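Trainee: As annotated in TrEMBL:
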type	residues	note
DOMAIN	B:27-116	domain 'Endonuclease NucS N-terminal PH-like'
DOMAIN	B:129-252	domain 'Endonuclease NucS C-terminal'
REGION	B:236-311	region 'Disordered'
COMPBIAS	B:250-274	compositional bias 'Basic and acidic residues'
COMPBIAS	B:287-298	compositional bias 'Acidic residues'
Number of protein chains: 2
Amino acid sequence: MTVTTLHTPSHREALWELESAFDRGDLITVFGECSVEYEGRAASTLGLGNRLLVLKPDGSALVHTDEKRTPVNWQPPGSTHHAAVRDGRLRVRSERTSPDETLTVRFTAVHQLSAMGVTGGRDLEVTGSEADLRRRILEDPDLVEPGFEPTAVERDSAAGPMDVFGVDASGTAVVLELKRRRVGPSAVSQLARYVDAVAEEPDRDPDAAVRGILVAPSITDRAAELLADRGFEHVALEPPEPETPGAETKATDSAEAAEPKAETTEPEEPKAETTEPEAETLGTETASDDDEPIEADAPEPSGSASRESQQ
Amino acid sequence: MTVTTLHTPSHREALWELESAFDRGDLITVFGECSVEYEGRAASTLGLGNRLLVLKPDGSALVHTDEKRTPVNWQPPGSTHHAAVRDGRLRVRSERTSPDETLTVRFTAVHQLSAMGVTGGRDLEVTGSEADLRRRILEDPDLVEPGFEPTAVERDSAAGPMDVFGVDASGTAVVLELKRRRVGPSAVSQLARYVDAVAEEPDRDPDAAVRGILVAPSITDRAAELLADRGFEHVALEPPEPETPGAETKATDSAEAAEPKAETTEPEEPKAETTEPEAETLGTETASDDDEPIEADAPEPSGSASRESQQ
DNA sequence: GCCTAGGTCCCGTAA
DNA sequence: TTACGGGGCCTAGGC
């Protein structure tokens, strides 16, 4: 693995290294004293200070201070990086079009410049998303309510696509809005938009009701009021098992669901999903182990360092 | 400025340096081959690959690949960083509570480790925000429509706080929802929530109308339909500044300082709107200069480098 | 701590 | 390209 590093380089030296790093497609970090300007969708200025600039080969640019997860300034992927020496400073500029945006970083001093060849390994696997929650519901629609039958996912409406659409035990249309986490008023509005759109569809009996159900781990008080005003309902449900199944079971919210689920029997054959119903335990991991047995069990064999946050 | 850098250190050496860097409150970058695990609100795994790990003294942690502006994994500020050598690997772990979340980065090889003392300079000045749009409207309410009078900002309702509340020339209540950029259906829903909440306030004449106006640079077709369905209106207006109306005028700090903002301190009570709103020309720049005269005019005196995005 | 909404949101997906 | 909605969103401002 090639890593090129310059310590307190002159602007010319830094410029030269940036040039070749751009050519190599390296990931670049520049640490130094700089001011930053941005102009595009908005505009901003940032006075002199020490920051870390990261330039990625895909055109991304990040300016980080010593605080916050979000960069103080940035440029999204697809931008074009330029470097030059102007007015006695090293200027790095990242530009893009549609929208036209320019990020300019002017270094009065470069403390360190590194260029690294980075390759692949971007295959992140995530669990606990709204898609996981949807899978869970499609596999066992009774979790929403006994007799619920999903008929479509992402069904389009005049107000946009609905997460899940279906009918209840009495044949009434039901719109589900799913959220992976606790939600507020905006989720109720979103649900209302879809329900209203369905209710007004021309081929529908104007007198036929359309139910709206917000499926989320929990909702705020205000959201509950708005939900009640519209005659909508809330079903407490969350994505399956982001926490490891072994220990640390946190099904605390299940109490909110209250409704004794009449045992998760064979789903009413949800047309759209004929998968084996036993998959209700989709979160199971064979031979699950605790978080890190090797490390957790081992006594400190080689020392350890820690630091407390000081915000 | 102190910068400590280790090249291809042993895990023990890296651990030692991390320890002291934590103590110093340095900003740390670690570049190497690693796998990443996250567990908390969701969970994720990332296989072996070369990445850049950034550890901030405020407890933030970022794992960056060679692509995207968003880190592939991260930890927000307030987390606590730990380092240790386990199973022949350098393990960096960042944990936080409420919610409980853990980020674990295991390095099989460290190509470079740097620690930098970063100080201050976080005073970012931004223009073009929704707050700027609101200022613009409060300074000249006629931009919304002739005779409009704002009476409150962030006025609370049963559905949440409204951006601007006021009355039109005929005395009818008006709710404004402001957006700094082009908007879709969600903004219409948001406006509808507020209008409905105001309309149902007990002390209000049930027959009295409440108007809803969406103030944004533009809206999508679907948003326009939803807006029309509800009888709401759209006023095309954007924040002052970010877009360059004339010839690349970009509000240098000097111009802003020169701007007689005088008592522009939030007319909380615009009722007494007797003042002649000469501030209508708030977008004017005195002695505007082009983007960067020194650099732009100068011919390439010292070389330049550029790189095209390759995505 | 929770709630509410903005953001240069970023990002993926589909039309 | 635009549109639309999810996100481990993050962040700021109230309460």
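A Cβ is built for glycine as well, from the same backbone N, Cα and C atoms used for every other residue.
TrEMBL: automatically predicted annotations, no manual curation.
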Trainee: List the helix, strand and coil residue totals of the domain 'Endonuclease NucS N-terminal PH-like' (B:27-116) as derived from DSSP.
Mentor: 0 helix, 64 strand, 26 coil
Trainee: Average pLDDT across the domain 'Endonuclease NucS N-terminal PH-like' (B:27-116)?
Mentor: 98
Trainee: What are the helix, strand and coil residue counts for the domain 'Endonuclease NucS C-terminal' (B:129-252) according to DSSP?
Mentor: 37 helix, 32 strand, 55 coil
